[in-house]
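Undergrad: Features from Swiss-Prot:
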BINDING   GLY41, GLY42, ARG63, ASN156  substrate binding site
SITE      LYS8  site 'Transition state stabilizer'
SITE      LYS215  site 'Transition state stabilizer'
Amino acid sequence: MGKTIVIKCGGSVLSDLSPSFFTSLQEMYAQGMNIVLVHGGGPEIGQMLKRLNVPSEFVNGLRKTTKEVLEVAEMVLAGKVNKQLVALLRQHGLPAVGVSGVDACLLQAAPIDLAKLGYVGEVVNVNADFVHQLLKSRYIPIISPIGADKDGQKYNINADTAAGAVAKAIKAAQLLFVTDVPGILRNGSIVEQATIDVIERMMNEGIITGGMIPKVKAAIAALSESLHEVMIVSGKTPFYENGQLHGTTIRNEVGVY
């Protein structure tokens, strides 16, 4: 099989994905790459909770997930957002399969802190064989981050950490975090590569601010012995052209600033 790329699309960028995003996917697929998409859906979940008058709150940046909130989260993530993405890829001639982390025990989860966060989970195991079977058949798995434990209890999982867990488990060559900007910007120019210490310095100096902070933190957290680099890319402009990825590469090794 060809090189495997995991792409994480946050809920906030899903509605802004441009035709060039899908053109990049088409080019990667045509070149024999294996593509896995992991998506979020925070804004959509928030809107649905409000519409259904289901109370919710955030604790340390994570949505406290009661049984009622979990039902809505699963409905939105697995039922709505996932299938919208499958349909979008189909429109662009790409064979996608939408799955939840519950399917085939894809994302086995355990509670992070049941008392404080409710049914918010962390990934303790990934069914890599299932993903590889889909990739071998040249499907593009689109994964919604709802997992379950061995007893079938479901959990809402942060999409960033789910994407990192999947990338590590299937030994992906690259993990891309899709944002609304073409990468980390410094004085209006893209920082093409940086190391963890450089990223931390840029945060301290106020070069990386706002919504980019959790994105780079998630990217850093995904780095491991098997995953040496991750990228911040744009969903609004081509992120892959002529065999080249465009964005900011974050790696463990020595980079530039």
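Even glycines carry a Cβ here, placed using N, Cα and C.
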Undergrad: To the nearest Å, how far is the Cα of ARG63 (substrate binding site) from the Cα of LYS8 (site 'Transition state stabilizer')?
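TA: About 19 Å separate the Cα atoms of these two residues.
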Undergrad: Of GLY41, GLY42, ASN156, which is closest to LYS8 (site 'Transition state stabilizer') if I measure between C-alpha atoms? They're all binding-site residues.
TA: GLY41
Undergrad: To the nearest Å, how far is the Cα of ASN156 (substrate binding site) from the Cα of LYS215 (site 'Transition state stabilizer')?
TA: 19
Undergrad: By a 10 A CB contact count over all chains shown, which of the recorded positions listed here is most packed: LYS8, ARG63, LYS215?
TA: LYS8
Undergrad: Which Cβ among the binding-site residues (GLY41, GLY42, ASN156) has the fewest C-beta neighbours inside 10 Å?
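TA: It is GLY42 that, of the binding-site residues GLY41, GLY42, ASN156, has the fewest other Cβ atoms within 10 Å.
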Undergrad: Between all pairs in GLY41, GLY42, ARG63, ASN156 (listed as substrate binders), what's the biggest Cα distance, rounded to the nearest Å?
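TA: It comes out at 12 Å between the most distant Cα atoms.
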Undergrad: Can you name every residue in this chain, apart from GLY41, GLY42, ARG63, ASN156, with its Cβ inside 8 Å of the center of the Cβ atoms of the recorded substrate site?
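TA: Nearby residues not in the site list: GLY11, GLY40, ILE45, GLY46, ALA73, VAL76, LEU77, ASN158, ALA159.
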Undergrad: Quick one: what's DSSP say for LYS8 (site 'Transition state stabilizer'), helix, strand or coil?
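TA: SS state of LYS8 (site 'Transition state stabilizer') = strand.
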